[in-house]
Amino acid sequence: HVACCCGNFFSSLFSKYSKNEGKRREVLSAAAAAGVSVAFGAPIGGVLFSLEEVSYYFPLKTLWRSFFAALVAAFTLRSINPFGNSRLVLFYVEYHTPWYMAELFPFILLGVFGGLWGTLFIRCNIAWCRRRKTTRLGKYPVLEVIVVTAITAIIAYPNPYTRRSTSELISELFNDCGALESSQLCDYINDPNMTRPVDDIPDRPAGVGVYTAMWQLALALVFKIVITIFTFGMKIPSGLFIPSMAVGAMAGRMVGIGVEQLAYHHHDWIVFRNWCRPGADCVTPGLYAMVGAAACLGGVTRMTVSLVVIMFELTGGLEYIVPLMAAAVTSKWVADAFGKEGIYEAHIHLNGYPFLDVKDEFTHRTLATDVMRPRRGEPPLSVLTQDSMTVEDVETLIKETDYNGFPVVVSRDSARLIGFAQRRELILAIKNARQRQEGIVSNSILYFTEEPPELPANSPHPLKLRRVLNLSPFTVTDHTPMETVVDIFRKLGLRQCLVTRSGRLLGIITKKDVLRHMAQMANQDPESIMFN
């Protein structure tokens, strides 16, 4: 988010990007990749995240530019060395045993848990955020933050696993138990005759500390599940990635310890007989925590490819790609069975943003003329003429309407299209002209042509606004299929598109019009779609 803010700011400094929405979106795609690269030390994962989750349209040139941005971000992070361990990764792990085919079953179970948790989280969080928007609760955001913080502190403090920072908790849950580990999770009963190397400790029976840790983790898991529902969407950046990973890591670590103890006490079972001999290091609970974290994050965000890459870059666990893939795909399938929306899409719809999802197909045979406004019986389109309106006329039009911009035509009779002027730029240009140019008054003629119009001798000084005019607005004819129009809106990120016939302006199609039309074609009430 911060990286995209920086990308948006730097775009506004260069006219090549500030005046071209498509170029600006390419910069934002690269910025998103750089942001994830820095946040998780995952440059390739960042590029794939931008491709899979962030971008409407991701051509090949944007791919390598995003890759370059992520690379520079990773180099900068490495030179700063924020973790003090000469590594980019946040949760570096080093496991000494491979995974076995029989372990795929608990990995898939963790995927199912991740999908169910994702569904529960999205539904409860959206219900709570909707309540916040529609009740008096939303009027006191600071009070809400203080109350939730106080409740979190009071409940979290007694439990050592909720008391520490979430990043430290995840790091401990991912770790393998070495000989020098002092964590409760590593309080196993050691064999006094053990003469193994330090990094190859066999599976051992769990001690009192492990059982205590399991109870504390179970309570911490319930607390994290409940509190994350309330914290995501508050007026502070309380995060989604790390809390979701923490939920999965706790569930995964508990499953891992359970499988480990099962393998130790019942190594003669047919499931364990082929790969888990007595005295061998068979099961790595930390790996289950890693897989659980990926499953829960996948269930909430519906990421697949970028999630797996981010997870193995985050941990350095390249050997464990298959378990991560199995968990990520399972969690997505399970979550999709209850609803196709991830948490981002759900919040976009809740907030009323006009969002055209790339995943939705439009196969109907309607035309641009069926969707454009004004319709029959509606008032005519609000337009500007190229050289016959006064400053006062334009200011009145801006005040009486809330449109994002206005088409500019030669005259109202001919309706020959010249270009498109953005509302924001018109307001700024008129304001600056009144302050800095002499002779600009309310009845000054406003013109968009190269040469000023012929005026009577005693007329006030005219105002030239050609520089705010977009001379190449996107236009379609009235017989353009809506399937093509929808594709254009998606890939170019348009907000509006003008409809013409033989150069004459007929109407306008906005992104909101497209969304209402798609809802109508899906037998929904188009007026039920609310926009901010």
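From the backbone N, Cα and C atoms, a Cβ is placed for every residue, glycine too.
Note that TrEMBL annotation is computational and uncurated.
Copied over from TrEMBL, here are the features:
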{"type": "TRANSMEM", "residues": "27-51", "note": "transmembrane segment"}
{"type": "TRANSMEM", "residues": "104-128", "note": "transmembrane segment"}
{"type": "TRANSMEM", "residues": "140-157", "note": "transmembrane segment"}
{"type": "TRANSMEM", "residues": "213-233", "note": "transmembrane segment"}
{"type": "TRANSMEM", "residues": "240-259", "note": "transmembrane segment"}
{"type": "TRANSMEM", "residues": "287-312", "note": "transmembrane segment"}
{"type": "DOMAIN", "residues": "372-438", "note": "domain 'CBS'"}
{"type": "DOMAIN", "residues": "469-527", "note": "domain 'CBS'"}
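Each residue of the domain 'CBS' (469-527) gets a DSSP state, and the totals for helix, strand and coil are 24 helix, 19 strand, 16 coil. When averaged over the domain 'CBS' (372-438), pLDDT in the model lands at 89. A contact between the transmembrane segment (240-259) and the transmembrane segment (287-312) is present, since 3 or more of their C-beta pairs, 6 or more residues apart, lie under 8 Å. Within the chain, the transmembrane segment (140-157) has long-range Cβ neighbours (under 8 A, six or more residues past its boundaries) at 132, 163, 223, 227, 230-231, 234-236.
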